[in-house]
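One structure is given here, and the rest of the page talks about it.
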Amino acid sequence: MLTAIFSAMEAGFIYAIMALGVYLSFRILDFPDLTVDGSFVTGAAVAAVLIINGTNPFFASAAALGAGFIAGAVTGLLHTKGKINPLLSGILMMIALYSINLRIMGRSNVPLLQQETVMTIITEAWKKTGIDNVLNSVIAFSGFQPRTWAIFITMALLAVVVKLLLDLLLKTEIGLALRATGDNQPMVSSFSANTDWLIIFGLGLSNALVAFSGALVAQYGGFSDVGMGIGMIVIGLASVIIGEALFGTRSIVRATLAVIGGAIVYRIILALALRVQFLETGDVKLITAVIVMIALIVPNIAAMHKEKRRKKRKMEEQARGEHVAGAQTDYESI
Amino acid sequence: MLELKQITKVFNEGTVDEKVALQTINLTLAPGDFVTIIGSNGAGKSTMMNIISGRLFPDTGVVRINGKDVTAMKEHERARYIGRVFQDPLAGTAPHMTIEENLALAYNRTKRRTLKFGVTKQKRDFFRETLKTLHLGLENRLNAKVGMLSGGERQALSLLMATFTKPDLLLLDEHTAALDPARAALVTELTKEIVEKYQLTTLMVTHNMEQALRLGNRLIMMDRGQIIFEASGKEKQALTVERLLQEFQRIRGSQFASDRAVLG
């Protein structure tokens, strides 16, 4: 049980970077960008192919980031310069990327098991620090001892660093214009910002994060597969929506933290769901969809119930008030 | 300051829905001119504003700002010279951003946006001082989301955002029409104050004749895509609503089409 939750959290931090990318397009730019399903794999494919050809894994991951930026920017160009509807721009790019990803990999699956990756390098370097012994003795009471804390802690740090950089960016002059573009596009033009380029840049950045996350997932899982991006946008949305529902959205700083939290909670829910005897690995997408549905519907139902209770209380108060008034009238008439 | 030469615009040309929105419009504004524009619905007022701001492009004719030909310049490029307030109080601000963030966005109208912080301590002090001139207490709510403000407050903020960077040209498109009378009076008063303070060259569309008479040094009446009447200086000061209606009847030989123009 604890092992499952531990690795769910590990994966959660890596997928959180993808979720931050989805947050940027979906919430900040108000652009439901389906490119994500393709660009996630593009990141994985670029990193995997570079790694098996002997490139430094860190450099390979950075290259994945760049590839994702290009993919997102093309979606932005389709929408702004090509005047194609946002959803359709994303879908077209997603389908185009499927073939491009196959071309990059040369086959449908590239294993990385014997390769040196970011994960193996971190794990090796970590062993020398001896932090594992300290942490393991701290949690010794639980009877659970993970193989290594390296991935867990470095990926958590990485997700937080990405979050902080995103927070900072959104506070800059360009960042303000980016946010306003998603909030009130005509107004941004009237203050001399070029919304076309802001959308292209924003989608580029969003997909850069998604592809970077894809590169890390490939190295974490030990393979890149052409189908690994299917439904990724829904997982991203699940993380964003769960995070917002659980942790709030009062400010950008809060919202991005919520997205990381949402990504982890999603992984944990999924890990626990898969432990149910009846469910199989193939049910993952169904479970994801159901999680998103619940996350979307439950807050509405809760709000409706609250409103109903409020009205009922008011009506009762009013009824009591009238009763008292009635009593007074009776009194006066006597 | 602003020069419109031989501007024409036709929508849906060659179809049954063809509509001539503007017919050879000529208009020149000297620096410091405050021109009010009245006219019934469909007279071409908004089309003219949109052609000046670059949201629409004319079929023929030239738009010059500060002597510079901006006819082909895109909306966001032209915005360097132009401050705008729209009819809809929701149109001029970003609801999910705070008051200071909105002001910071407007502050960059004339500058290239960089990766420096949008709101700095220095700017915040400046915003606070500027907001005080509105007398709405917004200077104490710098971190409130603009979506939480009332329509009147949002329109006052929009007006401030459009003007505090001293644009070469200020376009007001029925900016008080969607407000209740008290709020409309407030925003009208603020408009007067601000335009005087910064000596802004201003073009204001309104449906309210009384407002059109009270504000500005020049008045233009438009109908069916043409400027049909113009008055300035003393001549404008002497005008009354009745005179305007008579004038319209004399020129067009019909009752002023829009009830709104009379009642508004």
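Cβ coordinates come from backbone N, Cα and C, glycine included.
Quantities reported herein were computed from a predicted structural model and do not represent experimental measurements.
Annotated features, as they stand in TrEMBL:
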COMPBIAS  A:314-323  compositional bias 'Basic and acidic residues'
REGION    A:309-334  region 'Disordered'
TRANSMEM  A:12-29  transmembrane segment
TRANSMEM  A:58-78  transmembrane segment
TRANSMEM  A:85-104  transmembrane segment
TRANSMEM  A:149-170  transmembrane segment
TRANSMEM  A:197-220  transmembrane segment
TRANSMEM  A:226-248  transmembrane segment
TRANSMEM  A:255-274  transmembrane segment
TRANSMEM  A:286-305  transmembrane segment
Subject >> Chain residues in Cβ proximity to the transmembrane segment (A:286-305) (below 8 Å; excluding those fewer than six residues from its ends, i.e. six or more beyond) >> reply: 231, 234-235, 237-238, 241-242, 245, 266, 269-270, 273-274, 279
**OP:** Tell me, please, if the transmembrane segment (A:58-78) and the transmembrane segment (A:197-220) are in contact, taking contact as 3+ Cβ pairs under 8 Å between residues separated by 6 or more positions?
**Re:** yes
Original post:
Short question: which residues 6 or more past the ends of the transmembrane segment (A:12-29) have a Cβ under 8 Å from it?
Top reply: 36, 40, 72, 152, 155-156, 158-159, 162-163, 166, 170, 178-179, 181-182, 199, 202-203, 205-210, 212-214, 216-217, 220, 232-233, 235-237, 239-240, 243, 255-256, 259-260, 262-268
Original post:
Where among A:85-104, A:197-220, A:255-274 do we find the most Cβ pairs under 8 Å to the transmembrane segment (A:226-248)?
Top reply: A:255-274
